[in-house]
Every structure is written in C-alpha cells, then in structure tokens.
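K.L.:
Quick paste from TrEMBL:
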BINDING   ARG26, GLN27, ALA28, GLY29, ARG30, ASP76, TYR153, SER208, HIS319  substrate binding site
DOMAIN    21-30  domain 'Uroporphyrinogen decarboxylase (URO-D)'
DOMAIN    141-157  domain 'Uroporphyrinogen decarboxylase (URO-D)'
SITE      ASP76  site 'Transition state stabilizer'
Amino acid sequence: MQLKNDLLIRAAKGEAVERTPVWLMRQAGRILPEYRAVRESLSGFKELVETPELAAEVTIQPVDILGVDAAIIFSDILVVPEAMGCTYEMVEKRGPLFPKTIRTEQDMKSLRIADPHEHLHYVLDAIKVTKKALNGRVPLIGFAGAPWTILAYMVEGSGSKTFSHARGMLYTNPKLAHQLLRMITDTTIAYLQAQVEAGANLIQVFDSWAGILSPAQYRLFSLPYINEICNAINSVPVTVFAKGAFFALEDFATLNCETIGLDWNMEIKTARQQVGPNKTLQGNMDPCLLYSSFDTIQHETIKMLKEFGPQRHIANLGHGVYPDTDPEKVKCFIQTVKEYGATINS
Ligand SMILES: Cc1c2[nH]c(c1CCC(=O)O)Cc1[nH]c(c(CCC(=O)O)c1C)Cc1[nH]c(c(CCC(=O)O)c1C)Cc1[nH]c(c(C)c1CCC(=O)O)C2
C-alpha cells in the first residue's frame, strides 16, 4: 500500500523532504488519558501487548490525537527474552521483573532461539491489524532491543542503576555473554524480518543501556551484534538508537543503517561531524523541556531544528517521553516542528 505521508521514510533514506518529520519515542503510552482508559480496563500491560486489536488501537492513538508522522507498534523490547524462555512481569510503578535470571551455563539450557511465527505471533498480528487500520496514513515503525540491552535485563532480572551482574558477566564469563548475545541476535534478526514481512515500514533498534559500557566493551559486546542486525534488514530503513553512546558515533557511521538516534547529551554539530553526511540523525530534545512553558518549548524546538538543518533529520526527543508530561505540551513540540520545519525547508 502506498503511504500518504512518507516523510519519515524519505528523511531516513536521505531524500528531500518538504518538512522535517516528527514522532516521539514512547508516544503510545501513559501520557494519553485515552491510553490509560484502555489500560485500566485490562488485567495488565501484557494483556494489552498480547491482544492485537487493543495493541493496534493504542498504537494509532498518538497519530489521531498528537498528529505525529509515524506510528510505533505497541509492544515492548522484553517480548524477545520472553519468547526465548525467560518470562517477565511488569510490576506496577516499578517496571519489569524477571523471576528467573540467566547467569550460568545451566541457566542457558532453559533458553531457545525463538521462532517469531510461533512465539511472537501476537506482535506480527498487531502489526497486520495496525497497518490495515492506518490505511497508509503514516508509516509504522517496528522495533526490538539491541542484544546487549536485552542481555542486561535477562542477567540482571530487572532495571538497575549499575547493572552490575550484567556488566560483571562481561568480565567473569565473557564466553557465556557471547553465547547469550548470539542467541538473542539470532532471535532478533528473525523477529525483525518477520515484522517487516508483516508490514513494518522502518525498524528501530533500542540500545537503551549502551551508555553503561566502556567504549572498548561496547565495541566487543554490543556493536558487532547491532551490525549483524543492520546487515540482515535490507528492505526497509533501520534506525539505531543507543542511549548514552556518544563515544561510538564514529562506529555508527560505518553501520549498514540509515538513521542514528541521538540523546540530549550529544552535541548536534559534533554528532554530525562524527557520523558524516550520509546518515540521517534523529532526536534529540531533552524530554524535560516538555515540563516548561509553551513559549520555551517553541523557542528550544526551533533552536534544535536550526542546528540539525532542514534535511536528513527526524525530530524526536532524546529518549522516551516521560509519563507525567502534559499532552498539550507534546502537541506544542509537534506543532512547532511542523510549522517551523516547513519554513526552513522552503
Ligand atoms: C528499555 C525499554 C523497555 N521497553 C522499551 C525500551 C527501550 C526504550 C527506552 O529506552 O525507553 C521500548 C518500548 N516500550 C513500550 C514501547 C511502545 C511503543 C512506544 O514507544 O510508544 C516501546 C518502544 C511500551 C511500554 N513499556 C512499558 C510501558 C508502561 C507500562 C504500563 O502501561 O503500565 C509502556 C507503555 C513498561 C516498561 N518497559 C521497559 C521498562 C523499563 C518499563 C517500565 C518503565 C516505563 O514504564 O518506562 C523496558
């Protein structure tokens, strides 16, 4: 199906756009009262993720309500470890918890390389239902976690300030870490390819815990696996978003991907120099800007657009939107990109 709004895809590919496209990481979620209404009628987060019609509904909400230029499929990066045999619980107000962690060779025996059609069919179904309902209005983004970030959750068992068990494994048992990364990568490649087959128009890889590794370890334990994923996705553009990985921008320049996501710790001009002219940059507003006044939001957003320039930029925050953000402030950010993004392009 022909997309009616393909700004995101053209910007990703480096083709000319008449205005900068905009969407927000974590746009489908608790910022919207409409999301909370759906969520509260259910037993929990997983029921929403695993019911394709409901996942499709909340995926499309930000397109209708906020006016973003892309939808991102409502799911979570943690469905991958679950499909591999390591189930998670989403604990209210605390986040994910894995009752069983992967720390030894013995633990590894409980894992499999998942078949997306068998173990993640609900995501593929959600993509199909969403695509049909979107009817080409905007592109649909598919996603997965980067292998290192998934390993971090599987080994640690929950979120953590230090991820000391996960980082510790890289020193105490690097062989086991690589074995686990291998299984996660194989699962992720098949999963992302299946998402593309189901209709995803662009793929984003989230390396949320990139920034806790040293540059040397990042090059050993994360980049090679992201590289494999990029090489395996050929028919749609790929975005790599590695939070805190300012030290790896020159490495990202060599990846077989179209777009690099930046967080707000990264200087836009320096990032552009390090990545070079041949990639699109996505980002990178501090989500906390959206706590400020409408005037400040407009002013800072225009400043950001000027710094990135009119082409090869996808406007976004530097990480997911915080749940207590006023949707009107989110709309102000989006509207400013739409208005000002068009003037700098004319
Ligand atoms: C690290 C990570 C996770 N999940 C994700 C990441 C990578 C991006 C990032 O770095 O933020 C990715 C993710 N999670 C979710 C989406 C949906 C699509 C979207 O971006 O709108 C996406 C893309 C839904 C979700 N995933 C989660 C919620 C909130 C659960 C609820 O509704 O109760 C949503 C809407 C829960 C979740 N899921 C995860 C955590 C740590 C938590 C709890 C804390 C939090 O809420 O942010 C793991």
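Keep in mind that glycine also has a Cβ here, set from the backbone N, Cα and C atoms.
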K.L.:
Please report how many Å separate the Cα atom of ASP76 (site 'Transition state stabilizer') from that of TYR153 (substrate binding site), as a whole number.
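P.N.:
With the alpha carbons as reference points, the distance is 13 Å.
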K.L.:
Residues with Cβ closer than 8 Å to the Cβ of ARG30 (substrate binding site), same chain and 6+ apart in sequence?
P.N.:
ARG36, ARG39, PRO323
K.L.:
Among the recorded positions listed here, ARG26, ALA28, ASP76, TYR153, HIS319, which has the most company in the form of other Cβ atoms within 10 Å of its Cβ?
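P.N.:
Most Cβ neighbours within 10 Å: TYR153.
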K.L.:
Tally of helix, strand and coil residues over the domain 'Uroporphyrinogen decarboxylase (URO-D)' (141-157) according to DSSP?
P.N.:
10 helix, 5 strand, 2 coil
K.L.:
Can you count helix, strand and coil residues in the domain 'Uroporphyrinogen decarboxylase (URO-D)' (21-30) using DSSP?
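P.N.:
Tallying H, G and I as helix, E and B as strand, the rest coil: 0 helix, 1 strand, 9 coil.
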K.L.:
Compare all C-alpha positions of ARG26, GLN27, ALA28, GLY29, ARG30, ASP76, TYR153, SER208, HIS319, the record's substrate binders, and send over the largest distance in angstrom.
P.N.:
23
K.L.:
Across the whole of the domain 'Uroporphyrinogen decarboxylase (URO-D)' (21-30), what does the mean pLDDT come to? Round it, please.
P.N.:
96
